[in-house]
Amino acid sequence: MNFSCLGLSKICFLVSVIFCTFLLLFIPKTKTPWRPRTYPQPRPPPLFNATCGKQFALPGIEHAQQKLPTHTTDITHFEDPGNVEDWRAYILGRENPDEKHEGPTDNPGEHKSVLASSINSSKDALEFEDLFIAVKTTRKYHKTRLDLLLQTWISRAKQQTFIFTDGEDQDLRQRAGIQVINTNCSAMHTRQALCCKMAVEYDKFIESERKWFCHVDDDNYVNLFSLRHLLASFSHSQDVYLGRPSLDHPIEAIERVKSDGSASVRFWFATGGAGFCISRGLALKMSPWASMGNFITTAELVRLPDDCTIGYIIEGLLGVKMHHTPLFHSHLENLQRLPLQSVLKQVTLSYGGPDNKRNVVSVGGIFSLENDPTRFRTVHCLLYPDTHWCPPRKTR
């Protein structure tokens, strides 16, 4: 009896070993072999065989690379008085910007425009608290250019405006408080210093969790009503890049493709001197090339100034087209040609330099040109007549 039980146990053991061996040999053949997954990676910034400066002759870029005087009390710019552009050259909705039109285009749908987006059905319920307005300045202009902005439009948008500068200023800190951000970037007006400030602007906007990022310079007047009206025509969750180019054609540059050739890349960029706006949805997509110091790295790889690098990331890398709008204005334009009846409808305004002080918007009736050389105070009083320093309106 014991012998038969022992034999049966051995037989069961042998059967189980054979069965396990069979499973080990058969199962791997029925399974799909494992392959490592490949996940989409951000496209690395390629090297450009070009710059926005000399090769493409952007108005004002060569000037921007120059060092500014170390001491000045002049509120205006150092610019070539002949280097202005006609604001009427920018027509909404045209595919070929080399063709200048005086009226509506025949095919406005081919190129993205503010006009097309103004009928967007997915509009934002936009409040002023949703805006992040970054003002780029330098310590040298705190008591001139920036002081003028603090007296005028910034006084109406204290919680929406953040001042990015390059030096600590206790007087400015007392006036604007935590809205002043010392970037610790160089005070030189160079490509590296400008990109350093833009990198800080981008990171601070991402931290803020606000819906819209708008960048302006310290020589821009921002019409807050027009700005909100414009941005409310779009959805902040979509890819929106709003601005005005300083050229009438996109930049065309050579992009190196490994070692077996090259390809041409073309993109528009919105000039920072007129201001531009970016939706939060698009800003988040820029993160691989713009966040945590990556913006400086990207700018160095392509050797482009700050506003050109923004356009390169958005159009050149992400493939998002810029919405061209004539509502933004820089000191490079002939501002006197802006019709009087439309001045108060613009989003940003600017003014000319010391050699071209007459390049200002044509508004009057409140302050003389001597007392208001930039015309910003006059514009502000027309928009906000209740401002305490504005003269009372004359009653007929």
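The backbone N, Cα and C atoms fix where each Cβ goes, glycine too.
Residues or ranges marked as topological domain 'Cytoplasmic' by Swiss-Prot on the basis of sequence analysis: 1-6. What Swiss-Prot lists as transmembrane segment is 7-27. The feature topological domain 'Lumenal' is assigned by Swiss-Prot to 28-396, with sequence analysis given as support. Annotation source Swiss-Prot lists N-linked glycosylation site at Asn49, Asn120, Asn184. According to Swiss-Prot, the feature substrate binding site maps to Arg145, Asp218. Residues annotated as disulfide bond in Swiss-Prot, with similarity to another entry given as evidence: Cys185-Cys196, Cys214-Cys277, Cys381-Cys390. Residues annotated as Mn(2+) binding site in Swiss-Prot, with similarity to another entry given as evidence: Asp219, His331. Taken from Swiss-Prot, the feature active site covers Asp307, and the record attributes it to similarity to another entry.
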- Reported as an integer number of Å, what is the Cα distance between Asp307 (active site) and Asp219 (Mn(2+) binding site)? 16
- Message: Let's check the environment of Arg145 (substrate binding site): how many other CB atoms sit within 10 Å of its CB?
- Response: 24
- Query: Got a sec? Which of these recorded positions, Asp219, Asp307, has the most Cβ atoms within 10 Å?
  - Reply: Asp307
- Around the Cβ of Cys196 (disulfide bond), the count of other Cβ atoms that are within 10 Å: 22
- How many Å separate the Cα atoms of Arg145 (substrate binding site) and Asp219 (Mn(2+) binding site)? 6
- Message: Give me the CA-CA distance between Asp219 (Mn(2+) binding site) and Cys277 (disulfide bond), in Å, as a whole number.
- Response: 17
- Task: Using all protein chains shown, find which of the disulfide-bonded residues Cys185, Cys390 scores highest when you count other CB atoms within 10 A of its CB.
- Result: Cys185
- Query: Do you see any of the recorded positions Cys196, Cys214, Asp218, His331, Cys390 whose C-alpha is within 10 Å of Asn184 (N-linked glycosylation site), and which ones?
  - Reply: Cys196
- Neighbour tally for Asp218 (substrate binding site), based on other Cβ positions within 10 Å of its Cβ: 20
- Across all chains shown, how many C-beta atoms besides its own are within 10 angstroms of the C-beta of His331 (Mn(2+) binding site)? 25
- Among Cys214, Cys381, all listed as disulfide-bonded residues, which has the most CB atoms within 10 Å of its CB? Cys214
- Message: Using the alpha carbons only, what distance in Å do you get between Cys381 (disulfide bond) and Cys214 (disulfide bond) once rounded?
- Response: 23
- Query: From the Cα of His331 (Mn(2+) binding site) across to the Cα of Cys196 (disulfide bond), what is the distance in angstrom?
  - Reply: 23
